[in-house]
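Everything on this sheet refers to the single structure shown next.
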Amino acid sequence: MEIKLAKSAGFCFGVKRAVDMVYEQAQKREERLDAGEEQVPDIYTFGPVIHNEEVVKDLKKRGVKVLRTEEELKTLEDGIVIIRSHGVGEHIYETIREKGLEYIDMTCPFVKKIHNIVKRESEAGKYIIIIGDPNHPEVIGIRGWAGKRACVIENEKDAREFCLGNTELDDESDNKICIVSQTTFNYNKFKYLVEILLKTRYDISVLNTICNATKERQTEAEHIANEVDAMIVIGDKHSSNTQKLFEICKKACENTYYIQTLDDLNMNQLKLKSVEAVGITAGASTPNNIIEEVQNNVRLNF
Ligand code: F3S
């Protein structure tokens, strides 16, 4: 039996970097406690470092706490705050500094780049449009660098409404717009929405800030799914990028299984279908140890 494991399975560069840092800090804290130090600061992440129940539970066991809101952050007296790969708005940095807290910034550099663009362009007087999901933490963070003259456009309805008129942009001398995108937004949808917006009378500059990691993972998964008899997609059941990965693989290979952990995998199903080549991929929030466990067990069982 041949196993084809996608190179792009699991954490992207930005998420891996943030998760590794949280584990590193948890480890340091444990060592200081073991050495008998009394004043060891607690470790907090601003929002869960990753949308994966297993990882969040594991980190909780190691004493890493999750801050859910800025109000919670304001109640802290000490501690180390880790900013996750999604990034946060400028006001969160201000709160951290005002409180005199220590912090480690693990904002993905690709997201940080968008913060810088949005801040620069908004200070230059441009109106900012962020194409993305308004409720996604990354978009909320980007919005937090854009000043007051900004909006989020998620779908065709939003784009068409924007074209009908925007009171903040009625002044002809003030009609420059800068468009950026959420890093994980679908490229075709981004292009479509930009085309609608370009029909307005405004002077628009478009910056495609979509990250390639998602696209690469999807392309590789599709490629592998086309070459195997069965495909395993690993990821949290609430993860939208894993669901998308599953849909892509299922189209290419009817025999595709969506599992969260090894426990969900029914080896007999694979055996009954006399599978000779199995492909494995995983969503962006799936830790390496789960991927390895699945891979090793598939290997052992055949
Ligand atoms: Fe990941 Fe950073 Fe891209 S978090 S998806 S590498 S923008």
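Cβ coordinates are placed from backbone N, Cα and C, and glycine is handled just like the others.
Summarising the annotation, TrEMBL assigns active site, proton donor to Glu138. TrEMBL lists Cys12, Cys108, Cys211 with the feature [4Fe-4S] cluster binding site. Sequence annotations record features per position, and here TrEMBL assigns isopentenyl diphosphate binding site to His51, His86, His136, Ser239, Ser240, Asn241, Ser285. Feature annotation from TrEMBL assigns dimethylallyl diphosphate binding site to His51, His86, His136, Ser239, Ser240, Asn241, Ser285. Per TrEMBL, the feature (2E)-4-hydroxy-3-methylbut-2-enyl diphosphate binding site maps to His51, His86, His136, Thr183, Ser239, Ser240, Asn241, Ser285.
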Listed binding-site residues adjacent to ligand 1, that is, members of Cys12, His51, Thr183, Cys211, Ser239, Ser285 whose C-beta is under 6 A away: Cys12, Thr183, Cys211
Sequence-distant neighbours of Asn241 (isopentenyl diphosphate binding site) in its chain (C-beta under 8 A, six or more apart): Thr184, Thr214, Arg217, Gly235, Gly283, Ala284, Ser285
Number of Cβ atoms other than its own within 10 Å, given for His86 (isopentenyl diphosphate binding site): 27
In the chain carrying His51 (isopentenyl diphosphate binding site), residues 6 or more apart in sequence that have Cβ under 8 angstroms from it: Asp236, His238, Ser239, Ser285
Maximum Cα-Cα separation (Å), residues His51, His86, His136, Ser239, Ser240, Asn241, Ser285 listed as binding isopentenyl diphosphate: 15
Using Cα positions only, nearest of the binding-site residues to His136 (isopentenyl diphosphate binding site) (Cys12, Cys108, Thr183, Cys211): Thr183
His86 (isopentenyl diphosphate binding site): nearby recorded positions from Cys12, Cys108, Glu138, Cys211, Cα cut-off 10 Å: Cys108, Glu138
Cys211 ([4Fe-4S] cluster binding site) versus Thr183 ((2E)-4-hydroxy-3-methylbut-2-enyl diphosphate binding site) - Cα distance in angstrom: 5
Reduced DSSP assignment, Glu138 (active site, proton donor): helix
Spatial neighbour of Glu138 (active site, proton donor) that is closest, considering only the binding-site residues Cys12, Cys108, Cys211, Ser240 and their CA atoms: Cys108
Rounded inter-Cα distance in Å - Cys12 ([4Fe-4S] cluster binding site), Ser240 (isopentenyl diphosphate binding site): 15
Cα separation, Ser240 (isopentenyl diphosphate binding site) to Cys211 ([4Fe-4S] cluster binding site) (Å, whole number): 16
